[in-house]
């Protein structure tokens, strides 16, 4: 009784076997809320980099340079070019008219600036456009011997090994002389080849009439030859109303089969990023993203240090690592793009009389958006498959394993919903209903009677069950937060009776076992 009295007073610490289901739910929901904030932040970063003006700017420019027909020939535009004659018609018609806007529709002079071209009156032409050609050498392929009398020249498809680097034609101006590339990256991936930088290059004039004369001069002197494999037309625009740069590349490929295949690229990008208040909100989201990245990296590092090689056996952990790698790549791309824009944008804008190569900046900016899109895709995949809940559920399960716990668990609830969804999609066979299981368990009393248990044993078992449920309700309740709980005299009495009943059951089972063992010994020869 002394020990019982001391237990009643709380002198002896009781093992902390209960686990609060509210703590489990609160912890899980906190992690879900934190990850949900991360997803919202990532979505703002992803969709905050684009706006509807990008689509409309691309649409307007593509309509002007791709769909405008040659005067007097409604069937010929850039998309429908199939011959060298069609190409020169486009250069002297839709391209020339689309690039030079120096007067209002009333024929009055629109602007008195160095760069007077304002396409659709709102888009400034940055610098001057550039035209670049890549060629291949003669005899880069072999003509069958029996046909050499009919054709002794052979121009293979474009490769860096087949490229013609020799000057040709008049050899007096830059368009007839090969220009080595200033940078080896990025290459252009076309329909029939992958093309590097450099080539035979010329830039257009500020004057519309001078540019037209240039086109006529090049056409008469056969600037396009049988060795021509691709021609790039590059220029850039800036719209101050929406703070967007539009980088345009029109491509005409001349395959070895003959004819012309056209393609195009329109990049509307926001290179001047931190201008409005909304831009600074995006900047704060970028800082928040980096903070999340540091926190998640620290958590994963702790897991690797704790579980060591076992960490890499989980698919969810590999998904975590993939997401972290993508996040680091996104941050690296962002830093690289900002540095390149800072270094190059000022110099490009100063050279208004030269070609401003914004294609390099647009290329990397587009890759940054693509990496960000892939990152958010895998972030939502992780959310959909409940990776966070899986981790939390595993930890809660480990803590629960030291004692009994309430039947209600958030992980089980979500797992049940997940299984129901799979059953509706017919991806999993339906499991037995819980009500049926409870009905079966309710028949245990009848089954016990059929198997020969007397009423005293059945009533004793039912009483023990009531005691067990009453005690568990107190000592494993979610409302209890202490480690030490006082025991009343009535509860002590019930505990004592419970222990007595357990002793009787143990004695009864022991007698049955002895009886069985004696029967077995008599059966042995």
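Quick reminder: no glycine exception, Cβ is built from N, Cα and C everywhere.
Of the candidate ranges 32-51, 52-71, TrEMBL annotates residues 32-51 with the feature transmembrane segment. Shown are the disulfide-bonded residues 141, 154; of these, the residue with the fewest other Cβ atoms within 10 Å is 141.
Among the listed stretches 32-51, 318-346, 358-381, the one sharing the most Cβ pairs under 8 Å with the transmembrane segment (277-298) is 32-51.
Tertiary proximity for the transmembrane segment (358-381) is limited to same-chain residues at least six positions away from its ends with a CB under 8 Å from its CB atoms, namely 38-39, 42-43, 45-46, 49-50, 126, 183, 186, 234, 236, 245, 247, 249, 267, 269, 271, 319, 322-323, 326-327, 329-330, 333-334, 336-337, 340-341, 344-345, 348. Note on the domain 'Polycystin cation channel PKD1/PKD2' (273-382): DSSP counts are 97 helix, 1 strand, 12 coil.
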